[in-house]
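For 41, 42, 43, 44, 45, 46, 47, 48, 87, 144, 145, 146, 147, the entry in TrEMBL reads GTP binding site. According to TrEMBL, the feature Mg(2+) binding site maps to 48, 65.
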């Protein structure tokens with residue numbers, strides 16, 4: 001009988017030790033990877049509002065970015081350091097000065113904009129897709145303002161922007177979005193993070 005008591009006590013001690021190790025000796029979680037992204041698009045496309053919402057910032061008093069701003073956007077499996085560039089006419093010509101070091105691109109367009117603005121956005125996206133510092137990077141293209149009556153569908157934008165022939169062979173995602181559905185926006189960013197992670201595991205180019 002005493003042997004059974006000793007055995008039970010030993011098992012109990014092992015159980016207590018295991019629980020103690022699990023509760024007190026567990027190391028900190030591994031750090032989340034960080035990626036540096038550039039966010040571009042015309043003024044009024046909604047870049048600042050989308051990023052502010054992703055950072056849980058107040059939607060009040062949001063002002064369009066005139067130069068550039070940087071936000072650390074947290075996700076469960078990564079942190080995105082997003083450099084947002086102003087989209088005014090006199091600023092867009094300087095965008096390329098801020099491309100260096102980027103690991104991915106976010107392009108936001110107003111899907112309910114005028115034909116002239118949509119044409120300008122098309123030209124800017126084509127320029128970015130072909131720029132030497134961006135052409136090999138993953139692109140997330142957000143067709144914003146889908147909640148507006150005049151919003152064009154993703155299929156219309158894909159055709160108008162000639163994305164299939166232009167971006168063939170590149171890693172890009174085109175998604176509809178609006179401030180009314182931030183969960184969909186987060187899902188779009190999660191797809192971009194997947195592309196960034198895949199890029200991390202690619203063999204180094206010599």
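Heads up, the Cβ atoms here are built off N, Cα and C, so glycines get one too.
Just so you know, TrEMBL annotations are computer predictions that nobody has curated.
From a predicted model like this one, the values you see are computed outputs, not experimental measurements.
Features recorded in TrEMBL, as mapped to the structure shown.
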residue : record              : Cβ neighbours (10 Å)
41      : GTP binding site    : 27
43      : GTP binding site    : 18
45      : GTP binding site    : 25
47      : GTP binding site    : 27
48      : Mg(2+) binding site : 23
65      : Mg(2+) binding site : 18
87      : GTP binding site    : 25
145     : GTP binding site    : 23
147     : GTP binding site    : 14
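If you measure from the Cα atom of residue 65 (Mg(2+) binding site) to that of residue 147 (GTP binding site), you get 23 Å.
For the GTP site, whose annotated binding residues are 41, 42, 43, 44, 45, 46, 47, 48, 87, 144, 145, 146, 147, the maximal Cα to Cα separation is 22 Å.
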